[in-house]
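Accompanying notes for the structure given below.
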Amino acid sequence: MLELKFMRENVEMLKEMLKNRNSNVDMDAFVELDSKRREVLSEVENLKRERNNASAEIANLKKEKKNADHIIEKMGEVSTKIKDLDAELVEIDEKIKDIQLNIPNVYHPSTPIGPDEDYNLEIRKWGIPKKFDFEPKSHWDIGEDLGILDFERGAKLSGSRFVLYRGAAARLERAIINFMLDVHTLEEGYTEHITPFMVKAEVCEGTGQLPKFEEDMYKTTDDMYLISTSEITMTNIHRKEILEQAELPKYYTAYSPCFRREAGSYGKDVKGLIRLHQFNKVEMVKITDAESSYDELEKMVNNAETILQRLELPYRVIQLCSGDLGFSAAKTYDLEVWLPSQNKYREISSCSNCEAFQARRMGLKYRVPNGSEFCHTLNGSGLAVGRTLVAIMENYQQEDGSFLVPKVLIPYMGGVDVIKK
């Protein structure tokens with residue numbers, strides 16, 4: 001969330017930013033409402049001043065045993081007017097807050113300007129995609145042929161975009177999760193969490209999923225929301241708190257299932273594990289001061305890269321352009337892993353610095369010598385587990401339909417080094 005003072009002082013800049021972000025938030029409506037609010041506030045203050053002066057005059061008249069009925073009657077009308085204007089102020093404030101909550105974060109100056117992913121900037125590549133001497137299969141064909149991924153029964157249980165993992169696939173998914181958490185906690189200093197999978201609306205509002213993306217979230221009958229990422233829960237751990245600067249940065253990680261309606265993705269990735277309503281993810285979250293957040297973003301990207309490098313999966317790092325940037329992010333790097341069956345790189349991690357945008361929404365601050373400042377929050381996939389399984393199955397596949405287990409995962413698989421019939 002942006003500060004109102006900042007919004008008032010940067011209307012034209014924000015109009016340009018919103019255009020570059022493909023956002024249709026109406027800044028002219030904000031300017032009109034803000035101007036109206038100032039008018040109403042001024043009128044309320046004048047009326048309250050008049051009422052206060054009249055109260056003193058009434059007291060003097062009564063002291064002098066003089067009639068004050070005409071003033072009392074007039075002040076009754078003034079009080080009614082003040083009450084009406086206060087109600088109007090509440091209505092105006094709600095409209096301003098709605099605009100404020102729907103304005104995306106201001107992007108970092110280094111962000112490429114462009115309407116869509118075609119304008120993203122490739123930063124670097126790692127690894128060389130393997131050349132197969134046979135036609136590489138898709139992960140869903142490999143999984144179904146081996147009997148370890150069952151999309152038909154997943155759909156029978158829950159509908160489209162659900163899958164049933166069986167045997168080696170279930171074990172490998174668990175191995176991937178444990179491997180990722182071990183690297184992040186034992187080597188990189190993250191503290192592991194197991195968080196709730198359902199949260200209050202105000203928690204989703206804090207990280208920016210609400211109100212803008214409500215249609216993409218699952219809501220329970222008692223107004224709780226299933227988390228679409230554990231970024232939501234971990235970033236909100238310290239909501240409405242003031243931390244000591246010496247405590248920062250905080251490094252948090254968690255595995256969780258994630259639940260997404262995938263609204264607006266009709267027809268995209270309808271087969272396989274790439275786009276599901278329920279999937280597993282290991283998430284990284286950092287809470288930092290304002291000075292160190294961009295250094296911490298680079299470290300977070302490196303943390304995600306470490307997983308891919310240990311798994312020996314070819315990938316590239318791209319910086320997202322203005323039109324492809326997430327709502328709460330000021331700067332984002334995506335990691336895209338190579339998928340042989342698609343002959344292209346696909347997103348497997350997104351690492352973002354949200355600066356003070358989320359912290360301002362959730363009231364998360366840290367102490368400084370002359371008061372307090374809003375924390376900066378960062379989040380990143382470390383990694384999306386199902387997509388990691390996809391990349392392993394496709395990049396490690398063999399001509400006979402089996403696929404190898406990456407060396408670093410063999411100990412987590414009890415010594416199993418190949419998945420076959």
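Our numbering is plain: 1 for the first residue shown, then up by one each step along the chain.
Heads up, the Cβ atoms here are built off N, Cα and C, so glycines get one too.
The annotation L-serine binding site is assigned in Swiss-Prot to Thr229, Ser230, Glu231, Glu283, Ser381. The Cβ of Thr229 (L-serine binding site) lies under 8 Å from the Cβ of Ser256, Cys258, Lys281, Glu283, Asn379, each of which sits 6+ residues away along the same chain.
What Swiss-Prot records for Arg260, Arg261, Glu262, Glu347, Ile348, Ser349, Ser350 is ATP binding site. Taking a C-beta cut-off of under 8 Å and a sequence gap of six or more, Arg260 (ATP binding site) has these contacts in its own chain: Asp216, Met217, Tyr218, Ser228, His277, Phe279.
Glu231 (L-serine binding site) falls within a helix when secondary structure is assigned with DSSP. Listed in sequence order, the binding-site residues near Ile348 (ATP binding site) (C-alpha within 10 Å of its C-alpha) are Ser381, out of Ser230, Glu231, Ser381. The highest number of surrounding Cβ atoms within 10 Å, among the binding-site residues Ser230, Ser349, Ser350, is found at Ser349.
Here the C-alpha separation of Glu231 (L-serine binding site) and Ser350 (ATP binding site) works out to 12 Å. Here the Cα atom of Ser230 (L-serine binding site) is found 14 Å from that of Ser349 (ATP binding site).
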